[in-house]
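Everything on this sheet refers to the single structure shown next.
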Amino acid sequence: MSSSNNSVVYWGTGRRKTSVARVRLVPGSGTITINGRPGDHYLNFNPAYLAAVKAPLQTLGLNEQYDVLVNVHGGGLTGQADAIKQGAARALCELSADNRKPLKTEGHLSRDPRAKERRKYGLKKARKAPQFSKR
């Protein structure tokens, strides 16, 4: 068995829209791996997505101390990035109870409830009605 199996692993689950991310924090050098691929490649080098993923670690100043291993599915890249952010924040809370307050004030622990509204019958989309003709 390798020595990496003996290290402490912190788990967190994050959700956003239809995305679900299972995040593991392992003591390391700060690399981000998403679904077996480097984080910047998976997120198409988009600075907004990368910033969202790194935000909880940067809030606590731990961005070079833990490797982030992520398994994420569902939704698009925006939802996945925000799900990873929430999962990482929850894993950091598991690391130490003192981390909860700064993460909460920055909004990393809040679940964003916005989701796609369902389409209603008689309408073209969720709220778009067919053109109204008075006569």
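The count begins at 1 with the first shown residue.
Glycine is no exception: its Cβ is also placed from the backbone N, Cα and C atoms.
Annotation comment: Swiss-Prot describes 96-135 as region 'Disordered'. Per DSSP, the region 'Disordered' (96-135) is made up of 10 helix, 0 strand, 30 coil.
According to Swiss-Prot, the compositional bias 'Basic and acidic residues' annotation covers 97-115.
Per Swiss-Prot, compositional bias 'Basic residues' is recorded for 116-135.
Within its own chain, the compositional bias 'Basic and acidic residues' (97-115) has Cβ neighbours under 8 Å at 15-18, 55-56, 59-60, 82, 85-86, 88-90, counting only residues six or more beyond its boundaries.
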